[in-house]
Amino acid sequence: MKLRFCTVPVTLLLLVFWINPTPASAHFFPNITSIPASLIPNTTIWDAFNALDGCRKGVKADGLAKLKKYFQLFGYLNNSYDNFSDDFDDYLEKAIRTYQLNFNLYATGELDAPTLKHIVLPRCGNPDVVNGTSTMRSGKPSNRYSANSTIHTVAHYSFFPNRPRWPPGRTRLTYAFLPENQLSDVVKGVFARAFERWSEVTPLTFTETSSFYGADLRIGFFSGDHGDGEPFDGVLGTLAHAFSPPAGRFHLDGDENWVIDGDFLNSSPMSAVDLESVAVHEIGHLLGLGHSSVEDAIMYPTISSGTRKVELANDDIMGIQELYGSNPSYNGSDPTLTPRTEWDTSGAPRVDYLLWRRGILLVVELFSLLLFV
Ligand SMILES: [Zn+2]
Ligand SMILES: [Zn+2]
């Protein structure tokens, strides 16, 4: 959810959207070898951050101001923070530490090589920290986390603030593509497959409609500034973003080299981005999921270019089923994963406890019934 966006009156938003849609004629390639060399950049927007290796609190270095903007973009620095100097201050150190916790890195608060390697990865444009609260690992009780455990792993899925979801009576959602993008049936088929991943595990269904502004979910490719305050940045960097329910907006960066048949076994060039992988992730946002610290999860914020990740992880499935319940024909389960609700400290109802209490009441009622018969 883009909270800054949501504070603006809806009518004004619609006006902006109509005036300045800037749809992109996006690049699609059947496979990675069909991308022409001229479209493969030598560097991308965040590569320059690699020069900041070794920077720590107290130093001044060219590029730290840009890095602060990066951290503000993803919620790690408050929106009121405006000290975009090249000084490494306390706020930047705190932002880096939070980022490191979220991405399962050593929380050194310094720009070490593993942290920078992660910072430059292409990623989703949705923030990891909303209104100062991280929904990822750094915002969770650390003593229950066991990232490397194969025996018992705590789930790390998250929701947007106030847990917005599509209402219970609306399980049949429609989606449409921005007409100006003129997408081929093959490209549309990629999105259909991505929707299918989520409908397999929930009672939700997704049907394409030709009415763009009448659809629940609206998909469009855009370049640069496209009127919602979250401009795209060219090849790599941010790849896409999507809004929480019931906004239904799903925007993709038209400047990426989108690959529609993601056979990435010998991944080169590295600027290729698998469309289906990104679509599955962003649909998670459209349905109400936030980012997860579980690296295998679809809702993990970064994806290495030249890789494909389309299978929902148990973390994703447990998250989406907490919002919508399961698809009656879905049998999958993972007994090694503890539902997040077991240790949720947010004040939200503890689903497992409620179910347990309901079970006890049922047994008591049955017992009373037997006594009277
Ligand atoms: Zn995301
Ligand atoms: Zn957008």
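Glycine residues also receive a Cβ, built from the backbone N, Cα and C atoms like all the rest.
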Which residue range, 50-57, 122-129, 146-153, 202-209, is the one TrEMBL calls motif 'Cysteine switch'? 122-129
Looking at the Zn(2+) 2 binding annotation from TrEMBL, with C124, H281, H285, H291 already listed, which candidate in M299, M318 is the matching residue? M299
Quick check for you: of the recorded positions H226, D228, G234, E282, which have their Cα within 10 Å of the Cα of C124 (Zn(2+) 2 binding site)? E282
Return the members of C124, D228, H251, H281, E282, H285 (the recorded positions) with CB less than 6 angstroms from at least one atom of ligand 2, or none. D228, H251
Which of the three DSSP-derived classes (helix, strand, coil) applies to E282 (active site)? helix
Check the binding-site residues C124, D216, H226, G234, H241, D253 for any whose Cβ is under 6 angstroms from an atom of ligand 1, and report them in sequence order. C124
Of D216, D228, D233, E282, which of the recorded positions has the most Cβ neighbours inside 10 Å? E282
Check the Cα-Cα distances from H291 (Zn(2+) 2 binding site) to the binding-site residues H226, D228, G234, H251, D253 and tell me which is shortest. H251
Using a 10 Å cut-off, grab the number of neighbouring Cβ atoms around the Cβ of E256 (Ca(2+) 3 binding site), all chains included. 28
